[in-house]
Amino acid sequence: MDLNSASTVVLQVLTQATSQDTAVLKPAEEQLKQWETQPGFYSVLLNIFTNHTLDINVRWLAVLYFKHGIDRYWRRVAPHALSEEEKTTLRAGLITNFNEPINQIATQIAVLIAKVARLDCPRQWPELIPTLIESVKVQDDLRQHRALLTFYHVTKTLASKRLAADRKLFYDLASGIYNFACSLWNHHTDTFLQEVSSGNEAAILSSLERTLLSLKVLRKLTVNGFVEPHKNMEVMGFLHGIFERLKQFLECSRSIGTDNVCRDRLEKTIILFTKVLLDFLDQHPFSFTPLIQRSLEFSVSYVFTEVGEGVTFERFIVQCMNLIKMIVKNYAYKPSKNFEDSSPETLEAHKIKMAFFTYPTLTEICRRLVSHYFLLTEEELTMWEEDPEGFTVEETGGDSWKYSLRPCTEVLFIDIFHEYNQTLTPVLLEMMQTLQGPTNVEDMNALLIKDAVYNAVGLAAYELFDSVDFDQWFKNQLLPELQVIHNRYKPLRRRVIWLIGQWISVKFKSDLRPMLYEAICNLLQDQDLVVRIETATTLKLTVDDFEFRTDQFLPYLETMFTLLFQLLQQVTECDTKMHVLHVLSCVIERVNMQIRPYVGCLVQYLPLLWKQSEEHNMLRCAILTTLIHLVQGLGADSKNLYPFLLPVIQLSTDVSQPPHVYLLEDGLELWLVTLENSPCITPELLRIFQNMSPLLELSSENLRTCFKIINGYIFLSSTEFLQTYAVGLCQSFCELLKEITTEGQVQVLKVVENALKVNPILGPQMFQPILPYVFKGIIEGERYPVVMSTYLGVMGRVLLQNTSFFSSLLNEMAHKFNQEMDQLLGNMIEMWVDRMDNITQPERRKLSALALLSLLPSDNSVIQDKFCGIINISVEGLHDVMTEDPETGTYKDCMLMSHLEEPKVTEDEEPPTEQDKRKKMLALKDPVHTVSLQQFIYEKLKAQQEMLGEQGFQSLMETVDTEIVTQLQEFLQGF
């Protein structure tokens, strides 16, 4: 590409690519895509985005194309890689001038320089760091800032490399430039502190921006640049200096008010200081040991004393609390139970912690957390009134403790209470003691204090197990509080029902459950929505609990289910609907079939909710989960849901529909339970199997469920299903077997085995293309035992239950192997006998014995030659299945199922599904469960004797080991 002529053309196309008109935009994008691999294209882009007279949008696009080009074509091994000559020119051009006037473009240029640095620095680009260091010293404000911005992005990128050689290079870089980085940061920080007193906002903002960038560089160097940072005086000097700098910056917040343009940058800088400490503690806990005392003193004074008044802000308090939490909970600082087994570093850190966390300090922290930070704020109470659903969602967990004040204070309380429970338990018990009896509804402060203390008692439930008689407290104090219906008492009604939910799995006598259910029924009718939602949560925890008893719950089931359904209709937010649906699902799951009389309203409502939730895939997932439990609870009656259920399954499992990304896993589970509980096949249920072929092509983690679904169809209606879908299914299986794991192969073959078991005549015909693959695997002695076992299971079914098909298969394989049929059969029997030990399932072992015995009687010399092996397998099978009757002393086949008896289902067991019943009926037709192996052997040997005559038969029996013959005779006594 000639630069001069090309620049004009590329500039024109880039201009077209910024157009809003797709007719202009699309051809331009196509042209740029073609140029991506042209030599010289990136040099042209560099010329364009460094030309400040051109349109900003065009320059922005040029930078983006350059950045993408680095990702795709900068590496030497990449297809269409840039030449070394062009890369040298580009590297030089990128760091010639740091004078980009537009902030967004400057950031993108800094990022792309960092991307090149990741690949080329320092080996191919040794001049980058020295150039940056010189450039950040210049007096020109713009150049200095842009160089500093680039310096930060380069440092950040190099710090993120993880290979050992790259880490070593970064360590070398860090030790070489750390002093300079420190002095640079100190210079900009001092400048900023001087500017603050001047009141010049522009100058303050400019110097603060440089302070922030230089601190970002130092953070990466400090945290990632040293193996043993505590041995480096500059590093430890910088870290110790942070506390003084933090005080200075916090004091600045008095003069830089919340409405000042610099306020946001100031708070970001203060937070960045705390991030340096948190990151360093996380990466180098033992190097942090000299900083433990100072960190705790600093954080506790600003968060729990008047020192912080007027200067702290929420995010800073959260960071300080996280610092305390990380020191308290740090496993590196916890000695072993046997102190002698702990390292000196651990003991040193532990000693510092213990010296700091004295009884007065812990007591004050605990009291301040509860009486100050746990109190519901004005903002929260306003939100409760104006947006009750938003208020309940605000309280969600996850990682919110890292960023939000309330979750952060609660997690800190839990960790400190756990670590120092012997000290803090009496403190909390004393706070509880002072709050006995009802609270005056007119005294809002007293109500909020009680709410905060109850919150603490709930959070510390496990630690207070031995110290609180919760059952008595529930009866005498908590239950009466739930009955106070005054509107101003609602924070306590909500808190008490939440508190019970926290204790339910810790300590709550089973006999008290009915009293709790009564209270829940009342609270689900509370006037306040927040109270109702919290009550639903506690109901879920109660129903989920290990000691839940259905018989205690059933008297309240109708009322609770009706009230939960009303709550589901009343709430409007997606998250709240999901939450209430999960509670409903949980109830349905626990009571199972007992739910049937009460689900009519929910069944009518779910289609409407499904339609309304078209844009909310997570809510649809919750609906799918509810449907799964509904189908399981309804059993065969779930057939009445098909007009709604089957289209839902169809959409959720259709990989051509975008929602499948969210819905597929739950959709497959719903499909499976629908099949398992279906009393009979319907055309619509059969039709949705069209979704299966693309699912099998995905080869995802959902394959196992897909195989279960296919089995479900085979058990439900094998003939109709196989005639409709077996050809396509067989093709999918053949493709899968080429590329799937060993475990996956076994799953595929188990489906085939099931088809042969359910339909011995049609099955082998439909899966005919797979059977040569199985036969070949047996003959060649498949090395994985679990695969070989499955091969023999499949072949055993064909040999035993479809002899004519086996003969045609043997004939086909003889042609393929270019062998005589008899010779091939002999090889197969020999391999079967040799690998019998691969089969571990008793059913398959009996099947093998029956299958090989089915070859008798025979005058075929090959079969007679293998007679000894067949008898060996048969006797092994007898050992597997025969049990001795202690009364008569005779043997009987324990696998025989003579009649269909419905097993009694205990309360804890799930009733049998329709599929379970189908499997039972199938077993009653399966030779493995209907043919006595003992009888079968006797009849086959008798027939062989009649065919050969006494003398010929005796000669045959003499080929069998005498010990085996003795065992056989013992099993056949009485015949």
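Even glycines carry a Cβ here, placed using N, Cα and C.
According to Swiss-Prot, the N-acetylmethionine annotation covers Met1.
Counted with DSSP, the domain 'Importin N-terminal' (28-100) comes out as 46 helix, 0 strand, 27 coil. Feature annotation from Swiss-Prot assigns domain 'Importin N-terminal' to 28-100.
Long-range contacts of the repeat 'HEAT 1' (123-160) within its own chain (CB-CB distance under 8 A, at least 6 residues past either end) are made by residues 87, 91, 95, 97-101, 106-107, 109-111, 113-117, 166, 169-170, 173, 177, 180, 184, 206, 209-210, 213-214, 216-217, 220-221, 223-225. Taken from Swiss-Prot, the feature repeat 'HEAT 1' applies to 123-160.
Per Swiss-Prot, repeat 'HEAT 2' is recorded for 209-248. Long-range neighbours of the repeat 'HEAT 2' (209-248) within the same chain, counting only residues 6 or more positions beyond its ends whose Cβ lies under 8 Å from a Cβ of the stretch, are 144-145, 148-149, 151-152, 155-156, 159-160, 170-171, 173-175, 177-179, 181-182, 184-185, 188-189, 191-193, 265, 268-270, 272-277, 279-280, 283-284, 286-287, 289-291, 294-295, 298.
Outside the repeat 'HEAT 3' (318-356), and at least 6 residues removed from its termini, the chain residues within Cβ reach (under 8 Å) are 271, 274-275, 277-278, 281-282, 285-286, 289, 292-293, 295-300, 302-303, 401-405, 408-409, 411-412, 415-416, 419. Summarising the annotation, Swiss-Prot assigns repeat 'HEAT 3' to 318-356.
Spatially close to Ser343 (phosphoserine) yet at least six residues away along the chain is no residue at all, judged by Cβ distances under 8 angstroms. According to its DSSP assignment, Ser343 (phosphoserine) is coil. The annotation phosphoserine is assigned in Swiss-Prot to Ser343.
The repeat 'HEAT 4' annotation in Swiss-Prot covers 422-459. Distant neighbours of the repeat 'HEAT 4' (422-459): 359, 362-363, 366-367, 369-371, 374-376, 410, 413-414, 416, 467-468, 477, 480-481, 484, 486, 488-489, 491-492, 495-496, 498-499, 501-503; these residues of the same chain sit at least 6 beyond its ends, with a Cβ under 8 Å from one of its Cβ atoms.
Marked as repeat 'HEAT 5' by Swiss-Prot: 473-509. Under DSSP, the residues of the repeat 'HEAT 5' (473-509) split into helix, strand and coil as follows: 27 helix, 0 strand, 10 coil.
Look at Swiss-Prot and you will find 555-593 tagged as repeat 'HEAT 7'. With helix defined as DSSP H, G or I and strand as E or B, the repeat 'HEAT 7' (555-593) counts 36 helix, 0 strand, 3 coil.
Residues 561-562, 565, 568-569, 574, 577-578, 581-582, 584-586, 588-589, 591-594, 644-645, 648, 652, 659, 661-663, 666-667, 669-670, 673-674, 677-679, 910-911, 913-914 of the same chain lie 6 or more positions beyond the ends of the repeat 'HEAT 8' (600-636) yet place their CB under 8 Å from a CB of it. Residues or ranges marked as repeat 'HEAT 8' in Swiss-Prot: 600-636.
Residues of the same chain lying 6 or more positions beyond the ends of the repeat 'HEAT 10' (683-720) and with a Cβ under 8 Å from any Cβ of it are 642, 646, 649-650, 653-656, 664-665, 668-669, 671-672, 674-676, 728-729, 732-733, 735-736, 739-740, 744, 747-748, 750-751, 754-755, 758-759, 762-763, 915, 918-919, 922. According to Swiss-Prot, the repeat 'HEAT 10' annotation covers 683-720.
Taken together, the residues in the repeat 'HEAT 11' (743-764) have a mean pLDDT of 93 on the 0 to 100 scale. Per Swiss-Prot, the feature repeat 'HEAT 11' maps to 743-764.
Look at Swiss-Prot and you will find 765-804 tagged as repeat 'HEAT 12'.
In terms of DSSP helix, strand and coil, the repeat 'HEAT 13' (819-849) has 25 helix, 0 strand, 6 coil. Per Swiss-Prot, the feature repeat 'HEAT 13' maps to 819-849.
If you look up Swiss-Prot, you'll see 957-974 marked as repeat 'HEAT 15'. Per DSSP, the repeat 'HEAT 15' (957-974) is made up of 11 helix, 0 strand, 7 coil.
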Folded-back contacts onto the repeat 'HEAT 15' (957-974), same chain, C-beta under 8 angstroms, at least six residues removed: 867-868, 871-872, 874-875, 878-879, 882, 890-891, 934, 937-938
Tally of residues which DSSP labels helix, strand or coil - the repeat 'HEAT 10' (683-720): 34 helix, 0 strand, 4 coil
Other parts of the chain folded back onto the repeat 'HEAT 7' (555-593), taken as Cβ under 8 Å at six or more residues beyond its ends: 389-390, 392-393, 514, 517-518, 520-521, 524-525, 529, 532-533, 536-537, 539-540, 543-544, 548, 599, 601-602, 605, 609, 613, 616, 618-619, 621-623, 625-626, 628-630, 632-635, 910-911
Positions on the same chain near the repeat 'HEAT 12' (765-804), where near means CB under 8 A and six or more residues out: 722-723, 726-727, 730-731, 733-734, 737, 742-743, 745-746, 749-750, 752-753, 755-757, 812-813, 816-817, 824, 827-828, 831-832, 834-835, 838-841, 844, 847-848, 850-852, 854-855, 927
